[in-house]
Amino acid sequence: MKNSIISYPRIGANRELKFAIEKYFKNQSSKEELLKSAKDLRIRHWQEIQKAGIDFIPSNDFSLYDNVLDAAVLFNIVHTKYKNLNLDALDEYFAQSRGYQGENGDVTALAMKKWFNTNYHYLVPECDNADIIALTGDKIFKEYLEAKELGIESKPVLIGIFTLFKLIAFKDEKTQKLAKEKLLNAYIELFDKLNELKVTWLELDEPYLVYDLSKEDIALFEEFYQELLNHKKDLKILLQSYFGDLRDIYPKLLESKFDALGLDFIEGKQSLALVQQYGFAKDKILFGGLINGKNIYANDYAKSLKLIKELQKYTQNIILNTSCSLLHVPYSTEFESKLDSSYLKLFAFAKEKLQELKDLKEILNSSEENPLFRANQELFKNIPERLDEKVKARLKALKKEDFTRTPSFKERALIQKEFLKLPLLPTTTIGSFPQSADVRSNRLAFKQEKISAQNYTEFNQQKIKECIQIQEEIGLDVLVHGEFERNDMVEYFGENLKGFLFTQNGWVQSYGTRCVKPPVIWGDVSRTKPITLAWSKFAQSLSQKIVKGMLTGPVTILNWSFPREDISLKESTEQIALAIRDEVLDLENAGIKIIQIDEAALREKLPLRKSDWHSEYLDWAIPAFNLVHSGVKAKTQIHTHMCYSEFSDILKEIDAMDADVISFEASRSNLSLLDTLKAIRFKTEVGPGVYDIHSPRVPSVEELSLTIEKILNKLPKEQIWINPDCGLKTRAYEEVITSLKNLVTATQKIREQL
């Protein structure tokens with residue numbers, strides 16, 4: 001029995017990659033220094049994986065920003081607007097990631113989307129000229145040879161042709177048609193080069209196969225691979241899937257020329273049933289994904305061994321594998337000195353998952369009962385308490401009316417118009433303002449008990465004063481307090497709710513250099529005291545204008561945390577919803593007129609198969625949001641915000657959230673959402689996001705005016721809010737102030753024309 005992993009986290013044990021890239025962005029280091037830091041990290045990771053006894057060690061899973069972009073660049077799928085900048089390869093790569101504004105031109109970044117049902121974001125490759133598609137990059141070969149120099153025969157990992165093709169945004173059908181042919185030739189050339197290098201295994205990741213596949217999808221997949229696999233020669237090909245099962249294509253794969261199939265037995269609800277029904281091919285190896293690549297709880301070896309035993313009825317050719325890339329979990333528990341060992345022993349981050357694979361291999365390769373198995377089973381005895389009877393009783397007492405807000409949206413809109421007295425096209429921001437180094441050091445000093453609570457509060461109050469003053473000077477209509485007390489929109493609430501645990505160093509890559517530290521939902525969740533009330537009251541006391549209360553919604557808190565596995569996601573979310581509901585009512589009682597409840601991650605856990613959308617997610621996720629705000633008065637305006645996602649197909653469900661105003665992150669997707677909003681007569685007021693805050697570009701008044709006009713061409717003016725597309729925490733103040741001034745100027749200009 002051998003073992004494997006799909007991919008390893010690339011940010012480093014202490015986010016070394018993030019800091020190295022940011023240094024380069026700030027012109028504080030050279031290209032050579034950045035590339036050396038990246039190479040050092042790769043070497044460290046390979047040696048770590050090798051030391052852990054992993055047989056199939058991945059290469060080309062490393063990325064300076066995003067692995068989808070890496071695949072696109074490898075095959076020269078680069079939009080002309082980036083080519084025309086005439087930058088060197090590295091800066092052209094980063095121009096696609098972040099946009100570019102300088103002497104060579106002014107271009108926006110590629111659109112960003114959620115990577116399937118995870119909190120990782122990938123960049124959407126754009127193709128306007130298929131003629132140039134060819135194997136022009138060498139990253140995959142270089143990194144294979146780097147590993148080879150260390151004595152490691154690695155397994156290069158690359159996004160498969162079918163998934164890559166499905167993720168590309170093509171200019172038109174003609175471009176797409178030509179791209180199909182050119183991309184196939186480029187992959188064939190890739191196979192030839194890997195054969196020249198005498199590479200043994202190539203892993204092609206095809207996660208798109210876990211969606212509902214149409215007949216056309218299956219035909220396209222077969223068209224690609226029937227040709228491609230004829231060119232594999234001595235190269236062995238592993239078709240790797242994750243985030244679900246292969247029910248639409250599994251029987252066909254058994255008859256294909258792939259040398260191995262990677263199946264996900266964690267999220268693939270039907271993976272085992274498919275093997276039981278159709279068996280497994282004698283000429284193939286099964287890479288069995290049984291170590292959870294998405295959650296941080298320790299593997300129960302008894303369950304894994306039971307699964308392997310069942311699979312061995314159908315094939316003896318099994319490689320132990322992770323369910324998906326380990327990119328989605330933190331690096332290692334060895335950096336967690338503050339978490340009680342009674343909890344920590346039950347966690348396995350990326351490095352610990354390597355150990356689990358090593359243990360399982362050893363247990364399966366030994367004849368008598370192994371002490372490693374006994375030690376693992378001991379972990380699950382004497383688990384710390386998770387239950388809270390008060391929370392259970394409160395959930396049990398919920399009635400149907402607790403999930404419905406009255407009066408109707410139409411009636412509320414009239415009441416709020418009279419009560420709030422806002423101008424046409426009201427301007428606002430999404431919530432957070434830039435967090436400078438002094439804000440972060442003040443928070444750290446307070447956490448480390450180096451300053452008093454009073455000093456900490458006074459510092460933040462001063463920051464709030466400055467933030468309110470800046471917004472008033474700019475001329476925004478609805479203000480925010482800036483969120484200087486918050487490290488992260490989910491972690492902050494988790495820290496103030498009972499039932500959560502926190503890591504010191506549990507960083508996970510969200511996109512590019514952005515890393516998040518998800519909390520762990522350990523037990524039943526409740527609110528023991530107000531969380532944001534004092535900050536919101538203080539901010540509102542500083543201005544005659546409305547200052548929004550800012551909260552994170554229950555579905556986002558759940559989706560951006562590591563969830564419990566002992567109760568349903570529905571129950572966990574309802575517990576969080578009741579806690580946030582208490583906060584909403586406190587804010588309203590304190591005179592806060594607009595309360596924003598962000599559901600940035602609503603789309604995130606939507607099942608990948610449409611048939612499961614309602615029964616497994618939306619039927620409880622939407623009511624959980626309703627539970628949070630159903631108790632407020634008609635005059636209180638409820639806002640929500642949603643991040644990078646595709647919403648077109650769930651807009652009716654979003655409307656059913658019954659918020660009064662919804663802001664979307666739509667600027668990177670060229671506001672394509674507007675047509676759908678118009679088509680379904682979306683009733684909620686909307687702020688589609690008029691510029692992209694994930695890029696350092698400052699939009700001009702002209703650019704913003706055109707965007708606002710574009711929105712007005714699609715939606716009634718009474719329905720529109722003007723705002724950036726996300727919070728401003730990661731930007732610099734000079735960018736923010738100029739951008740917001742331009743936003744207000746553009747809005748005033750448009751108002752005069754209406």
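Backbone N, Cα and C define each Cβ position, glycine as well.
Swiss-Prot names Ile430, Gly431, Ser432, Asp598 as L-methionine ligands; from the candidate set Glu378, Glu385, Glu483, Glu485, the record adds Glu483 to that same site.
Going through Trp201, Trp560, Trp721 against Swiss-Prot, the one listed in the 5-methyltetrahydropteroyltri-L-glutamate site together with Arg15, Glu16, Leu17, Lys18, Lys114, Arg514, Cys515, Glu604 turns out to be Trp560. Here the candidates are the binding-site residues Arg15, Leu17, Cys643, Cys726. The one whose C-alpha lies nearest to that of Ser432 (L-homocysteine binding site) is Cys726.
In this structure, the C-alpha atom of Asp598 (L-homocysteine binding site) lies 5 angstrom from that of His641 (Zn(2+) binding site). Proximity note: of the listed recorded positions (Arg15, Leu17, Lys114, Glu604, Glu665, His694), none has a CA within 10 Å of the CA of Gly431 (L-homocysteine binding site). Surrounding the centroid of the Cβ atoms of Ile430, Gly431, Ser432, Glu483, Asp598, where the record places L-homocysteine, the chain contributes additional residues within 8 Å, namely Thr429, Val480, Met489, Met550, Gln596, His641, Gly727, Lys729. Summarising the environment of Cys726 (Zn(2+) binding site), the number of other Cβ atoms within 10 Å of its Cβ, over all protein chains shown, is 27.
Between the CA atoms of Ile430 (L-homocysteine binding site) and Cys726 (Zn(2+) binding site) there is a gap of 6 Å. The local packing around Gly431 (L-homocysteine binding site), expressed as other Cβ atoms within 10 Å of its Cβ over all shown chains, amounts to 25. Spread of the 5-methyltetrahydropteroyltri-L-glutamate binding residues is 27 Å (greatest Cα-Cα distance among Arg15, Glu16, Leu17, Lys18, Lys114, Arg514, Cys515, Trp560, Glu604). The maximum pairwise C-alpha distance among Ile430, Gly431, Ser432, Glu483, Asp598, the residues recorded as binding L-homocysteine, is 13 Å.
Sorted by the number of other CB atoms within 10 A, the binding-site residues Asp598, Glu604, Glu665 start with Glu604, the lowest.
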